[in-house]
Amino acid sequence: MSLFDWFANRQKTEPKVQQQQEREIADGLWTKCPNCGVLAYTKDLLANQLVCLDCGHHNRVESEERIRQLVDANTWNCLDEQIRPTDPLKFRDRKSYSDRLRETQEKTGLTDAVRTGTGTIDGLPLALGVMDFRFMGGSMGSVVGEKLCRLTEQATDESLPLVIICASGGARMQEGMLSLMQMAKISGALNRHREAKLLYIPVLTNPTTGGVTASFAMLGDIIIAEPKATIGFAGKRVIEQTLREKLPEGFQTSEYLLKHGFVDAIVPRTHLKKTLAQLISLHQPFFPLLSPLNSHHHYGQPELIPLKTAQGQTTV
C-alpha cells in the first residue's frame, strides 16, 4: 500500500468526532499571513498588534482592537453610540438596505462603520475616531458623518487634538447624496477645529479610498499612513480605462504618496501610539525645554516656553 493510500484510508476510517475536535482545537489558534503565507500563533500576532512577525504585513484591525492598542487603559469614553442609520431612500439592490444594515450590525456588533470617543494616549487627552472596514467596507454614510462631525465639534469645544483612523471604501452608495453631503459636513467641522489652532492627525490605513480620501483623510495638519496601505480615490482599473494610459506600479500605496508629498510620514503600527503621543505633546500650548549636557542632550527640569500667537501676543 502506498503512503498516499494509507493516509486516504485513515482519513476515511477516522472517527468524525475526533476530526471535529481537532478542527475545534485548531480554529483561531493559528493565523496565516495573506502576504507571505507564514502561519503565526494568533496570541503572538495580537501581541505584535496584528503585524506579521515574518514579513511585517499589517493585517486589518477591528475598531475595538485599535482602540485598545492606542488608548490608555480605563480612559476610553465612547460617544454617540445611540445614533443608528436609517433607510430614507428605501434603497434596494439584491436586498434592501435595511436588511443589509441589520445583518451587518448582528455580525459585527457595531451600529455603523465608525467608533468615536475621548481618552488619553500616554497621559495626553485626545478625541479619537476609528473606522471599521468590517461594516459595509467602512463606507461613509450619514451616521459616520454625524458621529465624526460631533466628535470634531467636541474636540473644538474642549480644545482637544483630534485623531481619525481611516479605513474605508468611500461614500456609501445606498445613501446617495446623503452620503456625499458628509464630505462637506465633516470638512466644515475640521475647518473650525483648525481655526481654533488645534491639531488634527488622520492615520491612513489599508484601504483608504473614495470620498473619505477626497475629504477628511487628506485635511490633516500631519498626515500619517501605515506601511503599504492602499490610498486613492478611484480604483486603478477605472482610472486606466478613463485616461487610457498605463499607471505606474504601486502608485496608490502609502510609499508612493510619501515620495510625492501627499503624506508626511509612514509609521509602523507598533510605533503608532508613541508617535502620536510625541506629536500631540509637541503641539501642546507648552512643552518642556531640554537643556544641553556635554553639548548634546540633557533631560533637565522642564521649563515653559513662551509662544507667540498669530496676533503677536505672547503666551506661556
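Using N, Cα and C of the backbone, Cβ positions are placed for all residues, glycine too.
Here is what Swiss-Prot records for this protein:
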BINDING   Cys33, Cys36, Cys52, Cys55  Zn(2+) binding site
DOMAIN    29-298  domain 'CoA carboxyltransferase N-terminal'
ZN_FING   33-55  zinc finger
Beyond the flanks of the zinc finger (33-55) by 6 or more, those residues with Cβ under 8 Å of it: 61, 65, 69, 268-270
Residue among binding-site residues Cys52, Cys55 with least C-beta crowding, 10 angstrom cut-off: Cys55
Coarse DSSP state, helix versus strand versus coil, of Cys52 (Zn(2+) binding site): coil
Predicted model, mean pLDDT over the zinc finger (33-55): 94
